[in-house]
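Scroll down for the structure; my scribbles are underneath it.
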Amino acid sequence: MIKAIFDTLCPNCGGEISAERLLKGLPCEKCLPEEVNREEVCQKLENGSFKEFCELLSELKDWEDFFKEILGTSPWSLQKSWARKVFLGRSFAMLAPTGVGKTTFGLSMASYLAKQGKKSYIILPTQLLVEQVSERIKTFGVDEDRLIVWGKLSEKKKKELKERIQKGDFDILITTSMFLYKNYEILPKDFSFIFVDDVDSFLKTAKNVDKVLYLLGFSEEDIHKAFELIRLKEKPNKSEEDWEEIKKRSEELREIAKKKKGVLAVSSATGNPRSNRIKLFRELLGFEVGKPSVLLRNIVETYEETQNLKETLLKRVKEFGKGGLVFVSSDYGREAVEEVKKFLESHGVKAVTYEEDLKLFEKGEAQVAIGISSFKNPLARGIDLPHVVRYAIFYGVPKIRVPLKVETSVSHLLWALLSLRPIILKDEKLKSEVKKVDTWIQRLRRYSFLSDDFVEERPDLKDRIENLRKEVQEFLLREDIVEKIKNSEELTLRLGEEGFELVVADVTGYLQASGRTSRMYAGGLTKGLSHVLVDDRRAFKNLEKKVRWFNQDINFKKIEEVDLKEVLREIDEDRKKVREILEGKVKAEQKEHVKPVLVVVESPNKARTIANFFGKPMGRKIGGIDVLEVMVGDLYIMITASLGHVFDLVKDKEFHGVIAKNGEYVPIYEVIEGKENIVKGLRELAQEVDTVLIGTDPDTEGEKIGWDLGALLSPYIPNVERIEFHEVTRKAIKHAVENPRDFNENLVKAQLVRRIADRWVGFEVSRIVQQAFDKHWLSGGRVQIPVLGWIIEREKLYRKKKHVVQITFKENGRWLRLGFEFQDKKEAKEFYENLKEIDVEVLEEREELKNPPPPFTTDTMLKEASDRYRISVPKLMQLAQELFEYGLITYHRTDSTRVSDVGIGVAKEWISEELGKELFYPRVWGEGGAHECIRPTKPLDVEDLRSMMLAGQLQNLTREHLLLYELIFKRFMASQMKPVKVKTKKVKVKALGREQELILTTEILEEGFNKVYPLELQPDLKGSVYVEDKKELKSVPMAYLYTQGSLVEEMKRRGIGRPSTYATIVSKLLERGYVIERHGFLIPTKLGKQVYEFLKSREKIMPFVSEEFTRKLEELMDKVEEGKEDYLQVLDELYKKVNEFEKANV
């Protein structure tokens, strides 16, 4: 157990508490002197703020007992989480699949609250449901005299009930949403719980949002203020004044939100709510209501090529059985839907179309339902029947036809250009036109969001769009472009009645339609089958490629390669489970189907990326922190961010924040200034769940942040586990969530040693430097100072000159520089003046294989990117961090060159597709272990990313992000490619009695990795070579100044600094004014030299800031991380030295 103390973190009194107590779920010793089991804490505590949490647990237990008594089963974890929210007074939307018991929960909660004399209001969409629900709730032990149901009533009864409603003479009121709309004036304003069972129906009348808010205690003025803030937030091109106004109004609304008297719980929407009024819930109640989409798929994706669509369709429908959706490609037109229906029915297959009543299909009386494979089609968009739908067959590849005429819709032209872009890029002659195409795409994308009415009302805008259409049309009909399309493997050009039309795959249509076969239910995700009847090979190839932009896990297989019998058996097994759950045959305690889990990561970017992998998340705000909620398999995930470290060593207690006693070293941590809201919000959020997964970065810093968060949350959550992932991809996250682990205490100890060493040495040295120079901002870190010394020494060498006679050869893009060095300037000048030619003797000529460089580690990436692009090392680390968080590269703080099987798969796919299978040459490079090289996570090159940005699928990437990504991508792909076979020559160069040997690479015999990562060739020199016009006499430095990149390279070579600290060291030297950067080179300042000389002259200080001390300490920290060294012994040795040094009062 690691010993540590956290200031102000006792969950009961807010005082000091040990990490040991926190991790055991206990308050501090002052609050509870004896150590008891977590379960006994509430019984033993007499007073304090933790009693509120105890009361929550007690209320939850009472509700669970009540639930079990009325229903005969225990509630599921998700229902318990909803109950916690109600008891905590938090309004929320229920994101949950079919069969999880949303209605049951609402009724049980209303019934439970009624026993306490608290009022509930249940709002339903139809009169029929009002009657069904009222009958059901009577079986929940509700006193019927305290229940008001607004159903089919006589006028007398209506009058009587309205009077009772007005007086508040009831515990539970059940009505339709229309009743609320017409009668809200008579409704009391003291409801404890309002349950909206069908939010889609509720929202048909947008004013219902206002009315339910009145019931919760808000005024008309409050709602007006909230709506004004919504309008302000949605205003385009906001000014600084607008942002100030948003801040001011948000603070005012936070106060208004405290008026809320009850809890509103609504079921999540199944359609996209159209009214902006729905956003009032976000501003006043802290939660969003949107259409949740689940992007998880459990679908076997197959295809077959066919010349006869109808016959093949009939064969497959008969083979697959009932529960099928048939999607006709939109290029066949709506009439084809009827044709297909008639054809199937003429061969004994009962079918219905999307325009007919689907009840026959749901009952199993119709074998298939037929629609169009477009995301706009109701069958592709709206059907959610997990117990019925088993498979989807695509009658032709889903396609979009783009007529090449002026009237073509803006969105279709956009698709056409996006599909054409990669083809233009591969053509050397057309490459120069990509910029123009990109500009068109950006403009078309902007216009695609505008409605026809909006455009019609603005003649200038209409003209601009018409002119753009004409430009694009002329381009698409150009002879060379038409030829390019005709020869393409992915696009089809057809000559129809109205001229040429371009045919591209409808990717969103495919994903939306096939997704109907795999739906969330209370047991997870149903298995489905999607089968494409390929009528156009090019369109299918286009579909295969584009579908990977959305989901890397989709792989089409030929139908012959699939065990169809087994797939259909698994599909039927799932449908049976769904039916049993819907019919109530499966009891909840048989299996915990959907489990709520809190996931904490470091950054909001990472939280968003992860949440978006699994669907469109719903947002909430708790205690000032943002939470995203989404379904991941059988987990209901609430994901939030800690924004990095939350705690740091205190500054003014004990020995620089550490209790040092008898060989024991106990750090004291405090909340970092500005992070108080995060601590409060995380603890409030923790009270809603039983499990938290900590997904901080996979290194020592991430492990320590995670361990701190574990200590913070443990009093409220019994299960705190660590999840580790080295790339932010759907597959990696899912694997991590399914395989949590304990915290690795060795990693935590290593970070603890690093932080304490930095604090002890840094504080002591900085104090002395600040006093000596009377500048309070100066510092002297244990890594900073030796690195400053190198820069100073390098500058001294830079000022010393040597003389070089340089000969430069340029030949067909090839370069070679030969240099003859001299210490004496006169001798150099004499050599230069007499040099007319050189003699090149070929000593050996051979063929050899040149291997590619390994993939990047942190130091090699920083060196190459910094030197190539002149981007600072801290900025590069920020760019890499963001690329990692967006899910585009693996973790960027690494010393490893190892390539995983997943990485090799990424390379294989891209190299085989783009360059040819013969160039793929897999290599693992480094040793085994958790860490991997820096590589792309998907087989997408930089132009794919640009296309995705233009299509709106990737946001927030800058030119610099793309430069770094391209470098990482090419270096990695090169590392997985064939060596290059080259011709080399070993030559001896003689000139005026001087000679030197060189190895020249003169010819590429067989292509390999050079296809992506250029290989330098030198001119083929031999015999006597005239150099009179190629020579130059120069004075050059003995050594060149460091660049940021070469400084990182030096740190790595000398064993100082680590992947997580390189950038910090460089930025500290610049921030403190010890070093400046000029033309990309690092130059020590006068202050930097003075500080270094001052420290160097103090023999008692220098050992602590020497290269040797720092390197040894880094090695010891590595050993602590590996469990080979006791961290307390390392701290003990360090303490003795620092303490001695302090006492000496240097």
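The backbone N, Cα and C atoms fix where each Cβ goes, and this holds for glycine too.
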I'm validating the feature mapping. Which of 1-38, 761-798, 951-988, 1065-1102 is tagged zinc finger in Swiss-Prot? 1-38
Given the ranges 125-128, 197-200, 517-520, 1053-1056, which one is assigned the annotation motif 'DEAD box' in Swiss-Prot? 197-200
Other residues, Cβ within 8 Å of Cys10, Cys13, Cys28, Cys31 Cβ centroid (Zn(2+) site): Pro11, Asn12, Gly14, Gly15, Glu16, Ile17, Pro27, Glu29, Lys30, Leu32, Gly48
What residues elsewhere in the chain lie close to the zinc finger (1-38), defined as a C-beta under 8 angstroms and at least 6 residues from its ends? 44-45, 48-51, 53, 647, 650, 659, 664-671, 679, 683, 707, 710-712, 714-716, 718, 745, 748-749, 752
Please work out the mean pLDDT for the residues of the region 'Topoisomerase I' (592-1146). 93
Quick one: Cα separation, Cys13 (Zn(2+) binding site) versus Pro97 (ATP binding site), in Å? 41
Tell me the residue counts in helix, strand and coil for the zinc finger (1-38), as DSSP assigns them. 6 helix, 4 strand, 28 coil
Of the binding-site residues listed as Gln79, Pro97, Gly101, Thr103, the one whose CA lies nearest the CA of Cys10 (Zn(2+) binding site): Gln79
For Cys10 (Zn(2+) binding site), the number of other Cβ atoms found within 10 Å of its own Cβ: 25
Sparsest-packed of the listed binding-site residues (Cys13, Cys28, Cys31) - C-beta count within 10 angstroms: Cys13
Quick one: pull the CA-CA distance for Cys31 (Zn(2+) binding site) versus Thr103 (ATP binding site), whole Å only. 42
Secondary structure of the domain 'Toprim' (596-728) by DSSP, residue by residue, totals 35 helix, 53 strand, 45 coil
Inter-residue C-alpha distance, Gln79 (ATP binding site) and Cys28 (Zn(2+) binding site) (nearest angstrom): 32
Inter-residue Cα distance where the pair is Cys28 (Zn(2+) binding site) and Gly101 (ATP binding site), in Å: 40
